[in-house]
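Participant: For reference, the structure I am asking about is given below.
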């Protein structure tokens, strides 16, 4: 009996010791707070690296603005090294500009972006300014891809690390704590810096950067259950008088006064406070990210002994998020009701439908296509996973601005100087439509009117009308040299005017090629005052024709591309003319162009282009001959650029040309380039087989170009071995 009692007492004692030891070894819950601070938030990554090195397991994480982005990625399963790599490979210039690649724009949108220097909203006869510089879609697409593996987690407490972030309700001026929903959307809202990024709508609330009301959510992390809080603060301190040298810095100081006052209490709630020295950096110092990350590491090592006490290096394993797949199986696409745009229009922009298997690159392209239209002031989407299928929910807010004023300017050696004024009206008559009127005011009056109904995947319709005019001494007479020979002249001064009206329909073929067809009316008038006794008007006829075309253009920039392909082909059949010269016969003209661009060593680009055109039929009106020569002007009809020769110098009813351009970007947006072009230009060129012979015409050019806000500023010197003198081309602004 005595032995039994001793054994019983021994067991009780052992249980008590084990229980006490277990209590001692119970790990406290650790919360991590990451403040906002723009690019200075890169320091958070450095701190995370040191925490991992010390074996510290984070149980709760919360952040604001950049702290929300870094914290959200860490909470979703990425480790510090992976986040470092993500940030290193992100183009922050494109992120801040909400970069929309040229490939995401249809041909109408490409033309718009390559003509105007300034675009302004115009409502009720008042010129406005945009609500923000960027909608943040570049950022949103990136975050959606990065959080692919947790896209079906709506409760942030169920993430690998429970997470929250803070945003600001701009209408009420109140804090909004985001702990559920779509993670990428929550991170975007918390980091929507006012005026830089558009507000984000979540659950009916219009949200902006959480730093406006709470840039350091320490209380919120404590409420989640954290016993010990590690806080990383990259906010600005108060500046002394020597640093307050302009009004902007004084205004920033005033804005920071309340925040700094509040931080005194927040620091008291922080057990381990880490303050990286990032005073030399700004909120957009993204190009100095590596240095800022190092600052975070240095600051964390400054309190390493405190951190180490919380770690367990023996049992700690660094997370390593692996994307299970990089595609989505779209079961259904839901779109909120729109007043002025159809579902077909939106689906046509996405370039994928229900049942499609797409990559995140396809999704990004589709969202960029919608963004490029500028028809929606806010674009948001969520992806919900149901087993192996996904539902894409699109939320689009139509742009309340229907009217825009756009301006540009240009100078070249053919049209001379002009200021371009444009008014664009959207949703004027039907859903999906846009009407645009350009007027060029200067040495030569020009206009261009375009009305277009975009039906997405279905056939779209449009009407165009344009007028072009110029006065120039040229070495072609548009009469196969007849007038020049008769008058014994080398050149004549002509007044050229062209009025063209087109009705057309077009659609996208296999999601890449634009195909279309239409009818055209054209009125040509060509006259000269130096023809002596000959009638000064040698053409004033109207022409009717039908045409068809196919286009593909993946150049990433029209004038200075670094990659992409170009293909254009069209045929036009003239069946009627008022025939001022009594020379008209029915005939057709076919032409095509192909080009490719490759980049080498990042700064060097080679562009190879070839184009050709020819007559189909016995005879043609020489006013529609292919005319080559000059550079820098907007080409119409069958006018073509050709280095080494003056404007409009070489003409015939058929031609073939190749051009090779080597471009070196010596500094950002500054280019030097060399070009060589070769051509055969001759009547019936392809019938007599001379198109394969040694080029009859050659030309070379060397030049400098600057990509400016008004468009390219270019100067080129060109020469040809066939001529005794060279030519200098100078042009300013986008071509129109």
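Every residue gets a Cβ built from N, Cα and C, even glycine.
Copied straight from TrEMBL:
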type	residues	note
ACT_SITE	65	active site, nucleophile
ACT_SITE	209	active site, proton acceptor
DOMAIN	32-222	domain 'PNPLA'
MOTIF	36-41	motif 'GXGXXG'
MOTIF	63-67	motif 'GXSXG'
Participant: Please count the residues of the motif 'GXGXXG' (36-41) that DSSP assigns to helix (H, G, I), strand (E, B) and coil.
Facilitator: 4 helix, 0 strand, 2 coil
Participant: In the motif 'GXSXG' (63-67), how many residues does DSSP call helix, how many strand, and how many coil?
Facilitator: 2 helix, 2 strand, 1 coil
Participant: Restricting to the same chain and to sequence separations of six or more, state which residues have a Cβ under 8 Å from that of residue 65 (active site, nucleophile).
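Facilitator: Non-local contacts for residue 65 (active site, nucleophile): 35, 36, 37, 38, 41, 190, 191, 193, 209, 210, 211, 215.
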Participant: Which whole-number mean pLDDT does the model give the motif 'GXGXXG' (36-41)?
Facilitator: 90
Participant: Specify the count of other C-beta atoms within 10 Å of the C-beta of residue 209 (active site, proton acceptor).
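Facilitator: The Cβ of residue 209 (active site, proton acceptor) has 27 Cβ neighbours within 10 Å.
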